[in-house]
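As recorded in TrEMBL:
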COMPBIAS  1278-1306  compositional bias 'Low complexity'
DOMAIN    106-191  domain 'Ig-like'
DOMAIN    222-317  domain 'Fibronectin type-III'
DOMAIN    345-436  domain 'Fibronectin type-III'
DOMAIN    445-538  domain 'Fibronectin type-III'
DOMAIN    544-645  domain 'Fibronectin type-III'
DOMAIN    647-744  domain 'Fibronectin type-III'
DOMAIN    744-831  domain 'Ig-like'
DOMAIN    965-1051  domain 'Ig-like'
DOMAIN    1067-1137  domain 'Ig-like'
DOMAIN    1143-1249  domain 'Ig-like'
REGION    1278-1318  region 'Disordered'
Amino acid sequence: MIQQLNNFFVSFHQVEKKMPEKYIREESMIRGPKFVVRLRSHTVYENSAIKLFCTVEGYPTPQVKCYACFCRCATDDTAMYTAVASNTHGQASSQASIIVKNAVLPEIKYTKINITFTETFDVTFGKEGDKATLTCRMTINPNLANLQPEAMWYRDEHLLKESRWVKMESGGGVAKLTLTQLAKDDEGLYTLRMVTKGGDAVHRACVFVDDGPPPVPQAPGAPMDIKIHDANRDYVIVSWKPPNTTTEGPIIGYFVDRCEVGTETWMQCNDSPVKICKYAVQGLFEGHSYYFRVRAVNSRGIGRPSRMSEPIAALDPTEFERIHGEHDVVTYYDDLEAEGKAPGPPSKVCASETDRTYVVLSWVPPVYHSKAPMWYYIEKVTGSWQRVNTKVPIRSPRYAVFDLLEGKDYQFRVVSANMYGISEPSEPTDTVVKGLIGLVGVPSAPGQVIATRETDTSVLIQWVPPKDPNNLIGYYIDSCVKGSKNWTSANHKPHKQTRFVVHGLTTGETYVFRVQAINELGLSDESQESAPLSVRAALKLPSSPYDLSLLYCDGESMVLSWKQPLRSGGADVTDYYIDKCNVAKKTWKEVNVPPIKERLHKVAGGLTAGSVYQFRVYGANMIGLGDASTPSTPFKCEAWTTPEPGPAYDVTFTEVRDDSVVVEWKAPVYSGASAITGYFVEKSKKGSDNWSKVNESSVNHCYLKVKGLETGESYVFRVRAENANGIGLASTLSDPVCIKTLPGKTEIKCGVDEESGDIYLSFESCQMAEKSKFVWKKSYQEITDFSKGIAVKTSGSHSTLLFKNPDKEDLGTYSVSVTHTDGASASYKISAEELEKMLALSHDIRNPIIPLKTELAYKILERGRMRFWLQAEGISSAVTYKFFANNKELVNCEQTKMSHDAATGIIEMVMDHFTVESEGTFTVQIQDGRGKAQSSLVLMGNAFKAALAEAEYQRREYIRVKEGPHFMEFLSIQVGDNASVTLVCKVANLKKDSVFQWYKDDVEVISEVPADLNSGVCKFPLTNFSKRDVGLYKATITDDRGQDVSQIDVSGKAFDDIINKLSRLAGSSASELSIQCTAEGIMLQCHMKYYTEEMKIHWKQKDSKIAASERMRIGGNPAMATLEIVEPTDKDKGMYTIEIVDPEKTHSRTLDLSGQHRGKVVGGLPDVVTIMEKKTLSLTCTVCGDPKPLVSWSKNDHEVEPSDQYVIAMDSGKFASLTIKGVSLEDSGKYTMTVQNKYGGESVDIIVSVYKHGDRVPDIKPTPSPKRIMPPTVPIVIPTAKSATPAPAAAKSPAPPQNAKSSAPPRGMKSPTPTRKK
C-alpha cells in the first residue's frame, strides 16, 4: 500500500506471510540463483507511485538485497537500481533504471492481479502407457489481455518443457499439463506456478505411475531414468535406475538395446545380462545418433523396456563441443611454438572410473599452441607396453579402455601426437586392479521406519538412512494392510529423501510400511516394518501456547519463554511466531518472520528502554498456524541488575507415583552477579497460596524427586535458583499434577540379553498413542549421542536401551518417558556393583567357554602307553573334539584311540606307541553347541625326556612284574593331617621267605612300624621331622627269585616340600597367641600341630621383624612356637605378630602387649636407713604397673598393719610411702615393700637402724640386695580379635590345655612348657 505519493518502494513478493510451507518436496539438485522475472525499467512522472517486481529461483532459497538510494520521489530519484540474489552457490543480479520526469498527471492507482484456483488436480494414479492430464481452473482479477499470467510447470522442482512426452496449454483461466504416454520417469511431485507481476499462485500434487502389464507373468518392471555418459566416437556409457520388485522375484540383470535414429529396429547390445545399472555400449558408428533403452531380467523372464533415452551422437567430445558449443576466438602463438614440432606429453593420467568391463582414463592435455591438430594414444602394460587405440585416434582428454581381464593388474600412460611427431609418454598411472574398484555391494537396510498421519487417505513415512549407503540412488516404499502379506509398492521411481507421503490409502484401515534402499547394484534388504498406523481424518491446527514469562532483559532485548500448546492437532508443533505490543501505543507488530523452533527466544531490536510491552505467541504444525496465546503480563524493558539469579523455566514433571513425583526444569538465562550454586523446589496444593520448600539444602542439578506427597492430591511446583548473593526469582508455576500412579504402571527392567550379551534397560508402556515416542534420558538429560555403543530399540509399546560396550561412564540414573500419554514414565539407577556383575555375565554370554576342571595332561599306562586327557565341567553327548600333534590332526584309530564320557566330562586319547618322534605340542579342540574350549600340552626338552623315560620304564616294568617280587608302588612321602611324616611303598608278588629291609644312606635302619607283607604296604615313620632326617632312603624286597629296590632322596626340594606341607598344617592349626610370665620376663606362645625350626616362621613387633638375641629368645618345641622377652620395658610394648609362611599363604596371629606390665619399683628407696629414736621415719618410693599394682609392707617378714604409728599411703597411684611416727629401738629391722598386680611384681628390702639420743650413729654398710621378681598369681591368656586366617575349629593342638587355676611356679623356676602328646 502506498503511504505517501512522494515515496515509492521496491518490494519482492512473499508467498506466505506467517509460515512457509514446511513439507515441500525438493529435488536435491543444487543450483545457484536465477532471475526468472527480471526487474523492468520505468519512466514515470513526478509524484507517481511505482513498485519494482522480480522473481528468483534457486536452491537453497536465495536471499535478495536491493540497492536503492533515494529519499523523495522526485526528479532526484532518477537512478539505476539493482537487485542482488545470492545463496551458497553464487549470486545473480538484475538492474532497472527509473526516470522521473517533471509533470503533473492524474493519480494512477495500480491494481494487483489476484489469482484464485477454483478447480485443482489431486493426487493422480496411472499405469505405464496411459495418458494423464493435470488441469487447474482459476479466476484472474483483473483479467487484462496484455497482462496474462504465465503458467510454469515443475516436476520435483525441475522446470518442465514441451516434448514428445509433455504437452502444455494455458489461457482462458485454465492451465493443463498432458503426459502423453506415462512412464515411471513421469512419477513425482508436480507444481503449477501461475506467475504474475505481483507474485505467483501455486498448487502441488503427486503423480504415481504403476508398472504396466509385463510381457511374461511375474517379470520385473521397467527400469527408468536412462542417461548417457562419456559419449565418444565408438562407444557410450548408459546408466539407469532399477525398478521396484515388491511382488516380483529378484532381478538377475539387464539387457541394453539401441536403435539408430531414423530407424525402428532395436538391437540388443549385450549377450548376457549385466548385473549393475551401468553398461558401456561399444561398436557404434562415428557420427551416427542412437536411442537407448533397458530391460530387466529375472527368473520368470524379461520385463517391459524402459522409456527410450534422448538421442545421442557417437562423436569425439571435442567434435561434439565444436558442433553444439559456443564458438570461441582462438589466437595462435606462432612465434612461441614453431611449426614442425611435436607436442609435449600429457600429465596427471588417472583412472577416473573403474568397472568390471572397462576403465575410463582422464588426463590433462599439454600446453599446445600449434595450428596442427593434436591427438592421443593410450598404452597399457601387463608385461610390456602395448598401444590400445591403434585405429581410432583420440582427441578428447578422456577415454574408456575395454577388453581388460578382470582381477588383473594394469598400468596406463598416454602420448600426444600431431603430424610432426609423437611426444614422450606421460607418467604411468598407479596400478589398477580390474574389477576391484567400484561399488562394494548393495546398501544396508534403512533404519527405523516411522509412520505418522498426513490426511485421511495418506500417511507420512520417515526412516533412518542406511548405515552403509554405497552410492545410494534412492528408496522404494511398500505398504501392507496389517495382518496380510499383500505388499504393494507406494512408489515406482526411487525417492531421494528420507520422508515420503504414501497416498491412496483407505480411511480407517491399519497399515504397516517398510523401505528398501537402492544403488547401481540393486535393492537392499527390507527395513523393519513400521508400527501399525490407522489412517484417519486430516490433522488439525494446534491450540495456543500459554504462560509467557520474561527470563531476562538487558534494556535493549528481552528473553521470553512459553509453554507448548496443550493440543498439538495431531502433529508436532514445530514453529512459533511472536507478536509484540507497546502498551502505550497499543499496536501489535510481528517480532519474527522466519519461524522459531524452540520455546525460548530473544526479542532484540525494535524495543525502547523504559517502555512496557506485551507479547503473544502462535504455534504452528504441519497443517498451519494456530490461535495466538493470551497476551502476557506487561513487561518493562529495563536492564536487570539484581545480584540474585533470574527465574528458572520450563518446569515439568514425570514419574508420577502415589506419593512422589520427579520435577524437572531448565537453568535460568540470567545467573545474577555470580554463578548459580543450586536450586530450591517449592510446592503448593492446587488452588492454595501456601508454599513450602521441598528441599532444605539446594541441589546442583535440574531435577528433584519430591516424596511424601498425598495420594490423589493435585500439586503445583515452582523453582528458585541460588547463587552466592541469595535466592532468586521464582519460576512460572508448573501445570497441576495429580499424585496418583498411572493404572497399569510398569517399571524399568535391567538385565543382560541371553543371546547377544548386551546390557539393557527395558520398559513397556501401559499407554501408547499413534504418535507416542520413547524418550530416554541419563540424569534426566535426553540421550542424543549414540556414537559410544548406546542404541534404542522400540517395538510397539516396548522400548529397550541397549549398552553395546558398557563401561564405568554408563553408571547413573536412567529414565524414560512416553510422549502423547498421561505421563507413562519410569527411572532406574545402575550402581557400580550391579554393573560389574552384569559385565561379567555379558562377557560369559558373548564369549561362551566350556569350563575345564583340568587342562590337557598325560598319564603313562602299562606297557608304556600314553594317555592324554582333560576333564570339562560338563559336556553333552553331542560334543565334538579333535586332537592335534604338532599342528597335525590325529585320527581315531587303534594307534590313537579317542573317547569321551559325558557323565564325567573326561575326553581322552590313548597313544599306543610313544616314541622319540612323539616330541612336540599336543592340542585338543572341543566344541559343544556354541561353547568352545582348547587346551595344549607341550612335551619338549627335559619334560619330553622324562615322559619318554617313564614310558620306556613302564614297558620294562610290565615285563619285570611277571617274574619276581617287585614294588607295585615305589617309595613316596606322605604328610598326614596330624603333621606326621612317613615313607610309604607297596610290594607285590611275594613268597613266605621274601625279606623287606630299610636303609638310610646305605645303613640299615629299623622302622618303628614293621613291614606288612600280607597287604604289601610298608611304612617308615620320620618322627618329629627335622634336618636330622635328611638322607637317601632305600627299601629292598628279596627272595630266591631276585631283588627289587626303591629309593627316595629326602633332601633339597623333597625336604623343602615336606617343610612347606608341615608349615601349611601348622599355619592352619595355629592357635591365638597367649602370654606366660617367666622368671626372667614374659613368653609369647602359639600352639600348633607341629613346630620345627626349619619352618619359615617370623616374629614381628610393630611390623618390624624381630631378630633372635639374649633379650628376644625365639624358639619352641614340637607343640608350639615361642618368643621370650627378658626384662620387658616400655619399648617392648606394642603389637606382636607371628607369621607362618607356606608357598600358598602366610598365616598370621597377633597380640597387643600395649600397657600389660607387672608391678615394679621404679626408685626412691634407700638400702639402709639410720635414725634417732623419737623421730619420724618416712620411706617413700615410686611404683608402676598396668593395671595399677597393690603395695604391701612387712617388717622382718611380718606384714605391717596400719595404725596411728604406722601410716601406709598411696598417692596418685604411683607414690607409695610408709611413715613411722616416734621411732623406737623396737622399730629397727628389715622392712620389705612388695609391689604386685596380676602379671607379677617385685619386692625390695630396706634395713632400718634406730639409735638413742647421744649415742654414736651406727656405721652400717649397705649390702646391695637385688629386687626379687614375683610371678603372676594366675596364668596370663590375653584374648585378641581373630586373625584373618583363623585356625580350624576341628584342629586340636597337640599341647595339653593349661589349668586356669594352677598356682604360680616358685621363684627362680621357669614356667612349665607343655609336652607333646605321644
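If you go along the chain as it appears here, the first residue is 1 and each next one adds 1.
Placed from the backbone N, Cα and C atoms, the Cβ positions cover glycine too.
A TrEMBL annotation is a machine prediction, not a hand-curated record.
Of the recorded ranges 106-191, 647-744, 1067-1137, the domain 'Fibronectin type-III' (445-538) has the largest number of C-beta contacts under 8 angstroms with 106-191. In this chain, the domain 'Fibronectin type-III' (222-317) lies in contact with the domain 'Fibronectin type-III' (345-436); the count of Cβ pairs under 8 Å, excluding pairs fewer than 6 apart in sequence, is at least 3. Helix, strand and coil residue tallies for the domain 'Ig-like' (965-1051), in that order: 3 helix, 51 strand, 33 coil [DSSP]. The DSSP breakdown of the domain 'Fibronectin type-III' (544-645) into helical (H, G, I), extended (E, B) and coil residues amounts to 0 helix, 48 strand, 54 coil.
With DSSP classes pooled into helix, strand and coil, the tally for the domain 'Fibronectin type-III' (445-538) is 0 helix, 39 strand, 55 coil. Across the domain 'Ig-like' (1067-1137), mean pLDDT in this model comes to 86. The DSSP breakdown of the domain 'Fibronectin type-III' (647-744) into helical (H, G, I), extended (E, B) and coil residues amounts to 0 helix, 46 strand, 52 coil. Under DSSP, the residues of the domain 'Ig-like' (1143-1249) split into helix, strand and coil as follows: 3 helix, 68 strand, 36 coil.
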